[in-house]
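**Student:** Supplied in structure tokens, the structure appears directly below.
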Amino acid sequence: MNTENCPPLLNTSQMTGDLGGGNANKREMENQAFSSLTTSFAVCLTGTKKGCGIGGCGACTVMISTYDPVSKKILHYPANSCLLPICSLHGTAVTTVEGVGSTKTRIHPIQERLAKCHGSQCGFCTPGMVMSMYALLRNHPEPSMEQITAALDGNLCRCTGYRPIIESYKSFAGEPTCCQLRGTGQCCLDQEGGVSSSSDRGDRMRSGLCNPEEFQPADPSQEFIFPPELMRMAQEQQGRTLVFQGERTMWISPASLRELLELKTKYPKAPVVVGNTSVGLDMKIGGVHHPVILHPDRISELRIVNNTNNGLVIGAACRLAQLRDILMKAVSGLPEEKTKIFCALLQQLRTLAGEQIRSLASLGGHIVSRGSTWDLNPVLAVGNSVLNLTSTDGKRQIPLTDDFLSGCKNADIKPNEIIVSVLIPYSKKDDFVSAFRQAERRKNALSIVNSAMRVLFKPGTNVIMDLNILYGGIGSTTVSARKSCQKLVGRQWNEHMLGEACRLVLGEIFLSPSAPGGKVEYRRALLVSFLFKFYLQVLHGLKILVSDFLRQISELTLFMWDRISERALCKYMSALGNFECRPPQGRQVYQDVDPEQPPQDPVGHPIMHQSGVKHATGEAVYCDDMHPIDGELSLAVVKSSKAHAKIVSIDASEAFKVPGVVDVVTASDVPGENGTKNEKAFAEEEVICVGQIICAVVAESDIQAKRGAEKVKIQYEELEPILTIEDAIKHNSYIGKEKKVEKGNIEKGFNSADEIIEGEMHIGGQEHFYLEPNSVLVVPRGEDNEMDVYSSTQYSSNVQELVASALDIQSNKIMCHIKRVGGAFGGKITKPSYFAVIAAVAANKTGRPVRFILERHDDMLIVGNRHPFFGKYKVGFMNDGRIVAADIQAYINAGCTPDESEMVIEFIVLKMDNAYKIPNFRVRGRACKTHLPSNTAFRGFGFPQSGLFAETWVTAVATQTGLPPEQVRDMNMYEGLNVTPFKEQFDATNLRKCWTECLEKSEYYSRKTAAEEFNKQNYWKKKGIAIIPMKFTAGFNKTFYHQAAALVHIYKDGSVLVTHGGVELGQGIHTKMLQVASRELKVPLSYIHLCETSTTTVPNALITAGSVGSETNGKAVQDACQILRKRLEPIIQKNPEGKWEDWVSAACLSSYRGYVTYMNWEKEEGHAFPYFIFGVACSEVEIDCLTGDHQNIRTDIVMDACFSINPAVDIGQIEGGFIQGVGLFTMEEIKVSPEGKQYTLGPDTYKIPAVCDIPEQFNVYFLPNTRNPIAIYSSKGMGEAGVFLGSSVFFAIRDAIASVRKERGLPENFTLNSPLTTEQIRMVCADDFTEMIPRDKPGTYKPWDIEVA
């Protein structure tokens, strides 16, 4: 063996750009040669972001380029750097976003177009988006739209709603991208391109937010070449085995198959790793350790592709993306009858993971890891694939069967064997093969259940000769319905066979009621739903097959037609086919600026985000991007594993034995206050939730701190926890007093009603899932107890206050800095202050800088979520649909501390009427105290819950009266001058305008008629449409929160520096402040700079939240600029022809007191909110009744935005908020164990919307010619309003379900909880299949998860 011992970090890879993780240090690198790029390479470039650490979000995407010395080909592919062991990159070129383009050299067209099309908001996901597209363009300079959307399958964005990202990349497509492709012959943009009049009112409206004519052309010839030295290295090292020796692991990359076999004999337990997507996750999440890892990526025998007489032979190291391309080529070049297995594999490959994982994961790894939810294995098994194995003992073949997948010893691989290749056979003429899967999200999500089925008929008949049915997601391994299949052999393929097959399968495949993953009855239903789909697909195929057969053999004309149910096939044809992910189309229409407005005045124009280009180039700096500071320590926390317990002891002795550990910090180390009276930074005598921080370990490196934290032992004395709202009500466990608002006379109202209905609803919580985890860096200055605190917070002054209190020093010695935050949505208001306290106490104790970056799973566990909600309603109404009385009881699960819960329940109570005037109305609300992590603020702040609940009882009235829901909404809606139940006056004129405009723009009535006609023709797929109004409020119900301050400097050279108290979270606040300063000072934007948010320049800043940050801080900036401009006026008058630079001489600090609001809860009245925001959304969906899947077809939003300071920013906020609302109401589920432990702690278990979830048509219209006299420039805050409008998708799904239930004679009064997931949709569309599944009696088993709402 010719061996080369390689230093772990020398000559490991040729870099083009950055490998990320600029905060690593060399000592850590030498210990981490096998860890991910984002934590191990100290190249001091930070464009590549660490969002989740497990390959699920795409923020860390880089492009890998490799050279094959045999084929002489260069391959480019995207990869999740968080899963890439550094050793695997030996000889590769790694390109990160800095290598694509930068402001210092040139900006790449991808970066330019993404920025100019407003495709970034917080910007944390943007480098990953750029790299996914860049890798695609390197392989396909003119990609199809299908390739573009597939390239983004593995990239998540929480801010934009994806529409502008897709829009920016459409310009690279090598095909027309407008909606003419749908056969209309007319582009939807033709109607309102450029400036136009709206609704014949003469209002100047404009559509389109960027100008493609400004884009620089894409030139593939300007891209970097593959480094020649790496080509030489690849040639020279062909025969060398590479060995990397680390502290705990040895990585061996053999050069030949013979050497690999010898190594596998020597190290039989060593995993063979190609893409590290399975073994890597086991090591990261499961704590699995492998002393030796074998990496066979350079062995040509493992990458072969051969066409044989029996099928395709694919090398085991073939990547899944390569497998997809191979199969697509085979399908296009072979007879259809031979490719049925290939087509089934392709169907699964299109939705399996994201492109980054598909580019890394290998076929052999997918097979041998045998995950129950792995989608390809069942298809390979039913297709009778064969594994070609080899070892030092020789070669052999074994069938890839269910026995192999379940790990049966006599059908398994021996420890010293490896899979060299896989034979995927051709299918036969009488073969029928299908694959199925259902996941929480259509793409890049593990299957809830998957399946593959194959049937072989006797030639020319419908008699079963062979049948094979496999399921994944049911047990720990793939399971087979072998006994059922054997009993069905010889049966004819008809409805009698189907019924027996369903009964047999349900009897054979057992799923415990306590099965991990929950959704037990749903998973059972999918077993027979998939079987029914297969039955119909085969029936359809038999019809075609027999038709061809009959044309050849006329004497058999009558044969089989009696057996193939033509009527059944026509009725149930809609069960066939899957929803396709189509690129979105859309319009964005907004008020144009006054033609008399000076050209240099940027207000009202869709100005690009201030940091948009820096987002796209990776030059935008976030907290963890700050370079390491001399002596810096890393911090990891020890968390409670119990929901409620006394702390008996804390034993940190083993932690101190871990190399690199410096100290352990506990509550006893806090010099001053350990948090606040309501919440402690460190637990003291008792823990009150799983995830509560008990102590912290500081060490020389992040990995050492984590290892130390794992060694700390906590002994508990467990106490009984309260976890659910139901338990809290039972134990009278509440936070604060009941909040109540009452209007009219409830009893008289109910007495006058024709009918009264009662009901209840549960709404689950929602994880913030900002892409940047909570981060803090604390740097002691070395004198006078001064400290700099760099935090990803929405509330800088609170960080300052709590750190000062904890250290028992004055606030003037704590300087808090925020450059920008990578998304927040309310989740970075309260908790960052406690994280800062923990880091500051550690820094104070050690005298050294401390960095504390939460891992994604810790962030999701500790920070809390949107409040789970439970509501009860009693509503009285007349037969014509008029609601005369409503009595509402609302509860939220607050968690273990008050946090923001009292204010959230206040907002729920105050906003429960939504858009409806109910003459007799009462709403009461309580915040329930439980032993869950404390829930906190979230975008919309209670209104998404109260609004959804209000629309639920309005819909219930419509159902009970038999009236269309839109009619009931219309007749009960506010209009004109009015008052809220808490006696605040407002004008609802624009609410009515939005309603009318949305009905018109969405073509509601014609589309509703079309949906009804569609539903008559289709039994298993149904369409639904809903239009939902909204009366939202901006701001807070206390004047205190509306204060703001700004500091504006004008320097001698004429340049302007603006600072203010608001935090840039991705909402474009800094961009708007620059626009305000530009208008007020009458200078171009290029003269103005905005540095950072800091307590050193603007003290006592309030929370950036509530949709009013831009308004309040904008007013402060406006005041400051006006004062400065006024000071300059005498000079300007003396020299009116002078330049700006000639007039400059002053600066001023200005504060803005803000909107006056109050709420008197004793009198149940007040002026609780500054103003109201009106909007209406209309959404159309299509559902699959057999699986519960749904497709978002179209959404039209009309918003009362008044005069937008920046239409691109505001439309982006609406679109992003809407998609976040779609996630809240239809897919995002937080799962909690009966012991109070949260299961959903990362993108693998918690699914937010992805590119595949955007409506195919997504239109946003601003109501024309409206004004808001109390806000700056007559604008309105758009930051939160869009979230609730996502409920239009919820109610469109409900409309589709109602159509199903009406057709099947089921009760039309039914309850839907939120989120309305695939599980709930499927089970409420009850049919024979849901009736036949086994049901478990509650109380006879322990459930895997509990409902905390």
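Backbone N, Cα and C define each Cβ position, glycine as well.
TrEMBL does not curate its annotations; it predicts them automatically.
Pasting the feature list from TrEMBL:
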{"type": "ACT_SITE", "residues": "GLU1280", "note": "active site, proton acceptor"}
{"type": "BINDING", "residues": "CYS52, CYS57, CYS60, CYS82", "note": "[2Fe-2S] cluster 1 binding site"}
{"type": "BINDING", "residues": "CYS122, CYS125, CYS157, CYS159", "note": "[2Fe-2S] cluster 2 binding site"}
{"type": "BINDING", "residues": "VAL272, VAL273, VAL274, GLY275, ASN276, THR277, SER278, VAL279, ASP375, ARG437", "note": "FAD binding site"}
{"type": "BINDING", "residues": "GLN794, PHE825, ARG939, GLY1106", "note": "Mo-molybdopterin binding site"}
{"type": "BINDING", "residues": "PHE941", "note": "substrate binding site"}
{"type": "COMPBIAS", "residues": "1-16", "note": "compositional bias 'Polar residues'"}
{"type": "DOMAIN", "residues": "244-429", "note": "domain 'FAD-binding PCMH-type'"}
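Tell me about the setting of these features in this model.
**Tutor:** Take the CB of GLU1280 (active site, proton acceptor) and look out to 10 A: across all protein chains shown you find 29 other CB atoms.
Take the CB of CYS157 ([2Fe-2S] cluster 2 binding site) and look out to 10 A: across all protein chains shown you find 31 other CB atoms.
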**Student:** Same-chain residues six or more away whose CB lies under 8 A from the CB of CYS52 ([2Fe-2S] cluster 1 binding site)?
**Tutor:** ALA59, CYS82, ARG856, GLY1242, PRO1243
**Student:** Whole-number Å only: compute the distance from the Cα of PHE941 (substrate binding site) to the Cα of GLY1106 (Mo-molybdopterin binding site).
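**Tutor:** About 8 Å separate the Cα atoms of these two residues.
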**Student:** State which of the following binding-site residues has the fewest other Cβ atoms within 10 Å around its Cβ: ASN276, SER278, GLN794.
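**Tutor:** Across ASN276, SER278, GLN794, these binding-site residues, the one with fewest Cβ atoms within 10 Å is SER278.
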**Student:** Of the binding-site residues listed here (CYS157, VAL274, ASP375), which is spatially closest to GLN794 (Mo-molybdopterin binding site) when Cα positions are compared?
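**Tutor:** When the Cα distances are compared, CYS157 comes out closest.
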**Student:** Specify all same-chain residues, apart from the site residues GLN794, PHE825, ARG939, GLY1106, whose Cβ lies within 8 angstroms of the center of the Cβ atoms of the Mo-molybdopterin site, ordered by sequence.
**Tutor:** ALA824, GLY826, GLY827, ILE829, ALA937, PHE938, PHE941, LEU1065, THR1104, ALA1105, GLY1279, GLU1280
**Student:** Over the domain 'FAD-binding PCMH-type' (244-429), what is the model's average pLDDT?
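**Tutor:** Taking every residue of the domain 'FAD-binding PCMH-type' (244-429) together, the mean pLDDT is 94.
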**Student:** Work through the binding-site residues one by one (VAL272, VAL274) and point out the residue whose CB has the fewest other CB atoms within 10 angstroms.
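**Tutor:** Selected from the binding-site residues VAL272, VAL274 on minimum Cβ neighbours within 10 Å: VAL272.
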**Student:** What is the nearest of the binding-site residues CYS125, VAL274, PHE825 to CYS57 ([2Fe-2S] cluster 1 binding site), using the Cα of each?
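**Tutor:** If we rank CYS125, VAL274, PHE825 by Cα distance to CYS57 ([2Fe-2S] cluster 1 binding site), first place goes to CYS125.
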**Student:** Can you tell which of the recorded positions VAL272, ASN276, GLU1280 lies nearest to CYS122 ([2Fe-2S] cluster 2 binding site) in space, using Cα positions?
**Tutor:** GLU1280
**Student:** Go through the binding-site residues CYS60, VAL272, VAL274, ARG939 and tell me which ones have a CA within 10 A of the CA of CYS125 ([2Fe-2S] cluster 2 binding site).
**Tutor:** CYS60
